[in-house]
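Student: Take a look at the following structure, please.
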Amino acid sequence: MKIKSHSLLCLLATIALSSPLSAVSVNAQKAVSKTWNPNLKNGMYRNPVIDADYSDPDVCRVGNDYYMTSSSFQCFPGLQILHSTDLVNWEIIGAALLDDYPVLPEYQGTELDWRKKVQHGNYVWAPSIRYHDGWFYIYCGDPDQGLFMTKTQDPRGPWEPITWVMKGKGLIDCCPLWDEDGKAYLSHGCAGSRAGIKSVLFVAPMSPDGTKVIGPSRIVYDGHEDQPTIEGTKFYKRNGYYYIMSPAGGVKYGWQVELRSKNPYGPYEEYVGMAQGKNKKVNGPHQGAWVDTQNGEDWFLHFQDKHAYGRVVHLQPAKWVNDWLVIGDDKDGDGCGDPVQQWKKPNLPSSGNFQPKESDDFSSVDLGLQWQWNGPYSQYWYFCDAKNSKLRLYGVQQAEDVKNLYDLPNLLLQKLPTENFTATAKVKFIPNRTEAYKEKDKILGESAGMIMQGMDYAALKFVDTKEEGVVLQYVTCEKAEKGKAEKVVKQVAIKTSKQPQPYTVKYAVDDIPSSRIATQDVWLRVKVHSEGIANQIQAIAEWSYSLDGKKFTKIGNPFTVREGKWIGAKLGFFNTRTAKKNDAAFFDVDWIHFEK
């Protein structure tokens, strides 16, 4: 926003965030990716700059630093925060939502309560991030509960508890604007699935402190005829114009719309700043954010929907022409740009050569910031054993009405890092028993493993059985979101042995506990490759395992990966059980490595 107040805020923010709060000093999560690199030679970059599922991205600049957040839906920690100094290389530095999510009293105990069931595709939709008067703000829509805000003075966190700015069903895609005269506004859209109407945009007056809407929200634009499915508002002011930038036309085939007016409530003129054009590889292009640099350049970040791979982030050059933002490369001079595949990098100091972290050796006392659970989570579910450089997942008793793994909240997952990659994990399964099952013993229903999660899923999982002991099963489940049962495609027996007695046994007088059994170390691997482009793209996964870390045996047939509800497929681990017990099975993950 090229206005005087913005320039002043940037100067103050640069001073305020210079050490120790500066995100530039945070190096723990920086990682050179072995799977995707947007940096090209000769000062060029290629799209996508983030080839992973950061849906509905929004970006703000504070001094020389850029901060991004994106939709996280039911995944927690949610609203991950990314940082960059060059708009090409990004690292995760935190998350605004941690291990809880408020449910309004009228929805507690209902199907919209995460304590009752996993909220696939619900909760955290299309955020906006802004910096104002020394505070970072994120505004976000929950399509069932309303529009909320959280804020902080340090983007790494902690962020303040959610404040409901405007309650109501069907409210989404909100963005604040603080004007020079001290007034504040909030733009938003509406979800047709809840509101019973779509393709209209709203503006409401907001309290200057950003905590609540203080007047009726009114429709300022109807896109039904010209801009169907317009949504995802981003609110700006420049050169005396109020701008609402929004995508229209739908996720798969849409374009970028710009609305402008001298009054925040309209009437608004309209303009299409970017469309797919002749670029056959970039369908969409969809929701995103305009950002101006400290060096006077303009850029636009947006997502492209790649089905199972999720909504990946592109960076487009932009320029103002007659107070309209032309985005991408306007080769034919018609005022509407096409998405670029590669371009000269922004004139900015380099962030380095890295991407959001993928591989993990679990050598920290905290989970890596790339990991998210399938819902708000419990501290009882995991242990970051930094002393032994491993992650231990504890078997969580699943609800009686769970039909398959899709509805487990204790799936620990991360985004797919690019189209073509191989992920290998070294693991061990330790059931909650000390010897072979006896005839009278109750089956504990313990299983743990590695999963490619989506509305269809595939997994390699250890299962503790009464008849055959511990086996490794390759399972698939189609239409998991509809409660369909998974199928065991193939299984192999896995050797187990008793673990050594702990050193404390010498202090025990009687009632010495027996050691548990444990599997040998097993290496689990999934290799993913893409077929097709744009709206025809598919992700194909092939699974294998090894008992020595060298020779891998393929198991099952290639699996066509399917996206989740509004999100891409995700890869990770789980540990679950069906029986009630006062202790749990262990699933130890030494490491997971991603390679090309």
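Using the three backbone atoms N, Cα and C, a Cβ is placed for every residue, glycine included.
Heads up, TrEMBL stuff is auto-annotated, nobody curated it.
Annotations per TrEMBL:
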SIGNAL    1-23  signal peptide
ACT_SITE  D56  active site, proton acceptor
ACT_SITE  E231  active site, proton donor
DOMAIN    359-594  domain 'Beta-xylosidase C-terminal Concanavalin A-like'
Student: Please report the DSSP secondary structure of E231 (active site, proton donor), reduced to three states.
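Tutor: It is coil.
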Student: As a test of the contact definition, list every same-chain residue at least 6 positions from D56 (active site, proton acceptor) whose Cβ is closer than 8 Å to its Cβ.
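Tutor: Listed in sequence order, they are S70, S71, W125, A126, P127, D173, G232, Q287, F303, R311.
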Student: On the 0 to 100 pLDDT scale, where does the domain 'Beta-xylosidase C-terminal Concanavalin A-like' (359-594) sit on average?
Tutor: 95
Student: Which residues does the residue listed as 'active site, proton donor' neighbour through Cβ under 8 Å, counting only same-chain ones at least six apart?
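Tutor: Same-chain residues close to the residue listed as 'active site, proton donor' (Cβ under 8 Å, separated by 6 or more) are A126, I172, D173, G189, K198, S199, L201, S246, P247, A248, Q287.
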